[in-house]
Amino acid sequence: MAKEQQPEVLKVLDVAKTQFYHFTAVVISGMGFFTDSYDLFCISLVTKLLGRIYYHVEGSAKPGSLPPNVAAAVNGVALCGTLAGQLFFGWLGDKLGRKGAYGITLMLMVGCSIGSGLSFGSSPTSVIATLCFFRFWLGFGIGGDYPLSATIMSEYANKRTRGAFIASVFAMQGFGILAGGMVAIVVSSIFRALYHADPYSVDPIGSTVPQADYVWRIILMFGAIPAALTFYSRMKMPETPRYTALVAKDQTKACQDMAKVLNVEIKEKQEVAQPQNNRSLKFALFSKEFLRRHGLHLLGTASTWFLLDIAYYSQNLFQKDIFSAVGWLPSASSMSALDELYKIARAQTLIALCGTVPGYWVTVFLIDHIGRFAIQLIGFFFMTVFMFVLAIPYHHWTRPENNIGFIVIYGLTFFFANFGPNSTTFVIPAEIFPARFRSTCHGISAAAGKAGAIIGAFGFLYASQNQDQTKTDAGYPPGIGMRNSLIVLGVISILGFFFTFLVPESKGKSLEEMSRENEDEGDQVQPNRVEVTV
């Protein structure tokens, strides 16, 4: 089998010292994930407020809430847009280059975050329709950031700390969650102080002050600010040296771009071109050769991300039960609209701070020491354990004296999701595929995950409804119940554990070694030699 020498510029990149630019790239690349998690965190708060503002029912004992189909549209349209964006921009990133598609995603996120807050009209139909339009395109831009940010970070990083830097980009989601909570708390506190309102049970109409319509708009638009601040820096980023050298076949430009951003001086020595034999293959995506080399890898990355997101997104279903059980969240009728917003934001921020965010950063610190494979197995294993611990004695946990134990175990499921497959499923697809397919394959894997998220967020919203029709949420048919839903999620986590064995370990290896980039690549010239001065 023909095998080509790895371009020297990429060897230099693999052993380059960690420098300031690597940290800058984490912030620039991570802003998309900041916006992603900010939006996903805030939309649950916004939908409750929209229900009170636009779907109030005169004479009802409970505050207004979005009908099931409207709630599904507001929440689901962004996930659908994200799935489409992951596929489209993943493909575009391999065709135009990572940089060529990168600015488009950020402009979509900034513009549509602002547009979501400016949703126009006074009727519920017009406001929801406009909001859904902008949220789809917001999701489309967010989706593009998944394959592009992961690929850019992987192609700039050295092989010793590559996992930590890619995981750091994804861990920016944690800051987005905290920022979403803080913004919601601050904005609701200001409006509560300025516009007093009685609880719904005292004054159903007055409990939702007219100014509450500004609150949800401000919260949604604020998410655009951090992303907008990085727009100039993102536009100034050069194309990754690996794309330039391996896909665009311009090693001279790759050396120049590398010298711009890393603290190395590269002097190039051109050798006489030595054409390779035409018999070597340049296989296409989904060709027999691709499937032979990477088919099981793609199945592994896509299936584990799909299974993980079913479990991860469905976990949000339990939050309202937990908050009510421990007294963090009184009944909706005992609060005004802004009181409810404030208390839910406070409770969700605490859960995120204690369970969600630490898991991201434990992954960052350990991923290059114990490896991606081990972390993913550990995460799926403990997610399975804690799902069954919650499910089997479910009625035990619903008793008031056991509330603290329920919260601890619930928080641990989030911790091991993030110190586990939620981080590694993002990292691995950016490391194991050839450069010319890397962005596309990451996009396919991420889109499979988002399909799982749609099932988790909405399929289980219906499935988890009480089996007794009289105890279901308004507008929902009976389901299989929370206990049975938890058992199903435990089984899904077991499947994720076993599908992980299709995924190779990439710790400490170069991208070209993992992807077998230099085997059977087609007509090439011998790579240029470079001299490096640090």
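Any Cβ shown, glycine's included, is placed from N, Cα and C.
Within the listed segments 66-89, 282-305, TrEMBL records transmembrane segment for the stretch 66-89.
Outside the transmembrane segment (20-46), and at least 6 residues removed from its termini, the chain residues within Cβ reach (under 8 Å) are 74-75, 78, 82, 105-106, 109, 113, 135, 138, 141-142, 144-146, 149, 152-153, 156-157, 161, 165, 168-177, 179-181, 183-184, 216, 219-220, 223-224, 226-227, 229-230, 233-234, 237, 261-262, 316, 341, 344-345, 348, 352.
The stretches the transmembrane segment (373-392) and the transmembrane segment (484-503) meet in space: the count of Cβ pairs below 8 angstroms, excluding pairs fewer than 6 apart in sequence, reaches at least three.
Confidence over the domain 'Major facilitator superfamily (MFS) profile' (25-508), given as mean pLDDT on the 0 to 100 scale, stands at 87. Tertiary neighbourhood of the transmembrane segment (484-503): same-chain residues 296-297, 299-301, 303-304, 307-308, 310-311, 314, 317, 372-373, 376-377, 380-381, 383-384, 387-388, 390-392, 394, 421, 428, 432, 460, 463-464, selected by CB-CB distance under 8 Å and a gap of 6+ residues from either end.
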